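Colleague: Mind looking over this structure? Questions follow.
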């Protein structure tokens, strides 16, 4: 008999977000884990790894519209959610894995440094639990559910197949196809150099104070685009390692990364990763 996994779900778009609902729905279809949600009560995008250092946060058990094992809403950031889940709710029996997302928009390239979705995953990793951050390019409506249960299961099992902390987490971005073409597959790549940039937009100037919006951002790309960006444009799912031996990915050699790519390709193309649950 295979052991069912215990998976903690979180995000930065809020517990009621469409991306969370899609993640839950497709994990339920895959049917290999018991799901627990601890997510922000409200939108927390752009929070990175910030946490509520100077003020208390609350956590409340809520009824979730899908059949999960339990769900809680937190008044703080994505990192607050992970801290409360691992340090209080599940401190006596930690989850096997933390999945964060599915984010409404890209977290490819340097956007990862702003991302609350990725911040939650990093907090889990630093706390000793493997984690994956998921994001959908452009808009959550581009997410394709046809093969999603299999993809989510394989990525989860792959994350657990690596001896912690040799390779302890991933940042995954799903491509957006303008013609709704099916994803071509998955590729392990390094973080791209592209980033979101925009000028502050003045909303109100009352003579004493000015109010700005910082949300008007566009992706900045060089002519020499990164492997991550090119892979997404070619309609492949990108899988980027977050930490290798608790060190930034940039510190490992090209040869070592090629070995990681080969191991990833072999695992994903194998018939099943079910033996990991024995």
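Just so it is clear, glycine is given a Cβ too, placed from its N, Cα and C backbone atoms.
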Colleague: Using only what Swiss-Prot says about divalent metal cation binding by 12, 13, 45, identify which of 26, 92, 103 is listed for that site too.
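Modeller: Record source Swiss-Prot; matching candidate: 103.
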Colleague: On the three-state reduction of DSSP, what should I expect for residue 12 (divalent metal cation binding site)?
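Modeller: Going by the DSSP assignment, residue 12 (divalent metal cation binding site) belongs to neither helix nor strand, so it counts as coil.
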Colleague: Of all the binding-site residues given, 45, 103, which residue's CB has the most CB neighbours within 10 A?
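Modeller: Within the set of binding-site residues, the most crowded position is 103.
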Colleague: So how many other Cβ atoms are close to residue 12 (divalent metal cation binding site), meaning within 10 Å of its Cβ?
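Modeller: Taking every protein chain into account, the count is 31.
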